[in-house]
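Record features (TrEMBL):
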type     : residues        : note
ACT_SITE : A:Glu100        : active site
BINDING  : A:Asp5, A:Asp99 : Mg(2+) binding site
DOMAIN   : A:1-185         : domain 'UmuC'
SITE     : A:Phe10         : site 'Substrate discrimination'
Amino acid sequence: MLHVDLDAFFAAVEQRDKPSLRGKPVVVGGIGLRGVVSTASYEARRYGVRSAMSTAEARSRCPHAAYLSPRFEVYRRTSRAVMAEMRALSPLVEPLSVDEAFIDLTASGLTGLTVDEVEAIANDLKDAIRKVSGGLTASVGAGTSKLIAKIASDLDKPDGVVVVPAGTEAEFLAPMEVTVIPGVGPATAQRLSMSGVRTVADLQQLDEDELIRQVGSAHGTSLHRLAIAADDRPVVSDRETKSVSVEDTFETDIIDRTLLTAISDRMAHRVAERLQRAQLSGRTVTVKTRMHDFTTHTRSSTLAGPTDDPRVVARVARRLLEESDIGGGIRLLGVGVSSLADWIQDDLFTEDEHADNPIELVELPARPRDLVGFHPGQDVVHPDYGPGWVWGSGRGRVTVRFETADTPPGPVRTFSIDDPALTKVQHVGADADDEPETGQNVENG
DNA sequence: TCTGGGGTCCTAGGACCC
DNA sequence: TCTGGGGTCCTAGGACCC
């Protein structure tokens, strides 16, 4: 099996499309006060910038980096092209996310390979990925199981290939820290350390019953096996979606229930839209709230039958929100639907008994134009200068660098935010929810 | 100036049923 | 004059992943 991991994916795509950023520190993520880093380029990592770090901390570590909002549509498009290359290698490909996948080579008859042969296959794949993606690099791990392939792909980043020979798996793992095992996070590592377990070798020695007492039945059983590299999990190409959700952290905590209701309604509609697009429907609606102290609560309600009707999702979400304690204001609100079915049931159960009495949608205040678009990194076009991207905006002005992936960097120009000549580029296949927005923006309206 | 958004899987208690 | 037992569904929360 191969595990393929695109290197610093979001940042690499930005450097590909914005030549002036090549070789420079780039940070992609939330750019607001409460934003976090999604991906830092390797140049930015040298300053200690890491994924999941608050953007504020990243800015203090690396003030001269370019801070960009993610362009998810572009990443998805690139991802699809890369995944297609993998499927050309083997029909059995399991994407784990937009930038990662497992490939089962045996599904295309590639068995009994030598280490050199596997290495050659991995390098060919890397070449194909580089060509189809406009120069992106990947790191590849190979082994006899998902566990080994996944861990191996991490050992020689970026742009590396690591093949673990069959039969050497347990000794390969033994000296490593337990946290290399996917599923062992801070909480599990902490518990294990109380039994003196730090490395996989320690874990291999630990009694299974003792392990289960420490971390629970399911986790203990699977960890006990993974520690000795006993992993027979298959590569599954079509995993079914189990839930669909939308959530938003506000720039400042929101206490106004009328505003929260309006936001909840809109989130319910976005969730329902996504369900419909995926031809799914669900029975359980969940509302999530996060308090100022970061404690998180969920309330859920299960319907008699599945729905993808925005009005039904909105009404249930409203009720759950009403039942939620919002204390002195909440920093996050989310709406989700689970217990999914891949069909829509007949009106028998889905019938909306409130259909004659539709809920009245609360209108959100309009946002000022300079908050509706023009995020750093955003693609724009100008009739005189051609295509470019937003470097920054504020105080009614927006600064644009004119360049594309295959043009030399052009001029940097500043425009009024109201300049009608400057237009945003809408990417094909973009979701309505690719547009970043926050409660703060809403409140500013 | 702490701490995103999209997910998956597991646990535990209570209701309910046979 | 406490005490069945097993299975399923629902709800809430938590750990973890990218």
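Using N, Cα and C of the backbone, Cβ positions are placed for all residues, glycine too.
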Rounded to the nearest Å - Cα separation of A:Asp5 (Mg(2+) binding site) and the residue listed as 'active site': 5
Arithmetic mean of per-residue pLDDT over the domain 'UmuC' (A:1-185): 98
Rounded distance in angstrom between the Cα atoms of A:Asp99 (Mg(2+) binding site) and A:Phe10 (site 'Substrate discrimination'): 9
The one of A:Asp5, A:Phe10, A:Glu100 whose CB sees the fewest other CB atoms within 10 Å, among these recorded positions: A:Glu100
Cα distance (Å, whole number) from A:Phe10 (site 'Substrate discrimination') to A:Glu100 (active site): 12
